[in-house]
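To start, the structure under review is shown below, and the notes come after it.
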Amino acid sequence: MGSESSNSVIVSMFVVVVLIALDASLVHGQGTRVGFYSKTCPRVESIVRSTVQTHFGSNPAIAPGLLRMHFHDCFVNGCDASILIEGTNTERTAPPNSLLRGFEVIDDAKAKLEAACPGVVSCADILTLAARDSVFLTKGQSWQVPTGRRDGRVSLASDTTNLPSARDSVDVQKQKFAEKGLDTKDLVVLAGGHTIGTAACRLFSYRLYNFNTSGNGADPTIDPAFLPQLRALCPQNGDAARRVGLDPGSQNRFDTSYFNNLMKGRGVLESDQKLWTDASTKTFVQRFLGVSVFNVEFGRSMVKMSNVDVKTGTQGEIRKLCSAIN
């Protein structure tokens with residue numbers, strides 16, 4: 001019986017890997033493909049992976065930071081690393097991006113790649129690979145990443161207004177995702193990336209006090225047993241910058257407890273908790289309570305998102321420094 005169980009687990013893991021590999025291979029978006037650098041920079045993935053791993057070893061917070069950064073990059077003019085550009089009024093300076101972390105990881109990986117393969121690998125591909133490696137380092141499933149993106153030359157803070165917000169209704173969230181060619185399932189799957197990382201009190205403390213104009217009550221969708229914990233972490237008129245885990249009890253591990261918490265009324269962000277209270281998204285939340293199913297779907301949705309409005313061929317450029325346009 002033990003042998004049959006072990007074989008079953010092995011087969012299941014094999015199926016997961018194969019499904020993700022097939023999906024990644026089939027998605028060639030606007031010119032990206034798995035193995036794009038196989039001849040021009042064959043060590044690209046190992047260099048990025050080792051760089052992310054080194055930084056993760058000293059600061060695990062960079063894993064969710066890189067995952068968020070990739071998401072925020074793709075939602076503004078496509079996955080073109082425009083979020084990395086420094087300067088006045090760039091995307092990087094916009095309020096939704098002010099708390100992102102991990103820029104130094106991308107710069108480090110870029111420096112190593114420029115030494116190994118000068119002028120070959122884009123910052124956009126480095127960020128995409130680093131996001132995948134961040135999931136794997138936090139015990140999530142890996143997937144094959146199509147590469148071949150080029151870097152954008154435009155980065156404007158004013159373009160970040162369409163980024164999903166913690167206060168968005170489900171309808172607004174679905175609209176923003178649809179504009180990027182992503183459906184309701186992608187929305188719920190990618191929101192599941194909140195299984196790792198933290199959020200500042202300022203993003204959700206309004207749910208804890210005076211949520212309704214009629215009184216001092218909290219958001220009624222919050223589990224009453226969970227409310228005192230959140231209020232202790234984010235007292236009224238307290239430190240708005242204090243960080244709180246988005247997946248209470250499992251913020252450092254990529255798993256499905258995020259969805260279990262939504263089911264229990266323990267979603268920290270209002271936009272997350274609404275995924276349980278809205279019928280159109282609740283179905284997917286229930287489906288993703290299974291680890292292997294969620295891992296497969298997360299890989300698929302990440303590949304899909306990472307091909308949003310990408311620049312390839314002669315579009316854009318290959319930056320020498322990720323923080324500056326050539």
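Each residue, glycine too, has its Cβ placed from N, Cα and C.
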Subject >> Cross-link partner of Cys117 (disulfide, per TrEMBL) out of Cys41, Cys74, Cys201 >> reply: Cys41
Original post:
Which of these, Cys79, Cys123, Cys201, shares a disulfide with Cys322 in TrEMBL?
Top reply: Cys123
Original post:
When you check TrEMBL, which of Cys74, Cys201 turns out to share a disulphide bond with Cys79?
Top reply: Cys74
**OP:** List the Cα distance (Å, whole number) between His194 (heme b binding site) and Ser82 (Ca(2+) 1 binding site).
**Re:** 23
Subject >> Cα-Cα distance linking Gly78 (Ca(2+) 1 binding site) and Cys123 (disulfide bond), given in Å to the nearest integer >> reply: 13
Original post:
How many other Cβ atoms sit within 10 Å of the Cβ of Cys123 (disulfide bond)?
Top reply: 30
**OP:** Excluding Asp73, Val76, Gly78, Asp80, Ser82, Glu91, please set out which residues of the same chain place their CB within 8 Å of the center of the CB atoms of the Ca(2+) 1 site, keeping sequence order.
**Re:** His72, Cys74, Phe75, Asn77, Cys79, Ala81, Ile83, Gly152, Ser155, Asp159
**OP:** Work through the disulfide-bonded residues one by one (Cys41, Cys79, Cys201, Cys234, Cys322) and name whichever has its CA nearest to the CA of Asp73 (Ca(2+) 1 binding site).
**Re:** Cys79
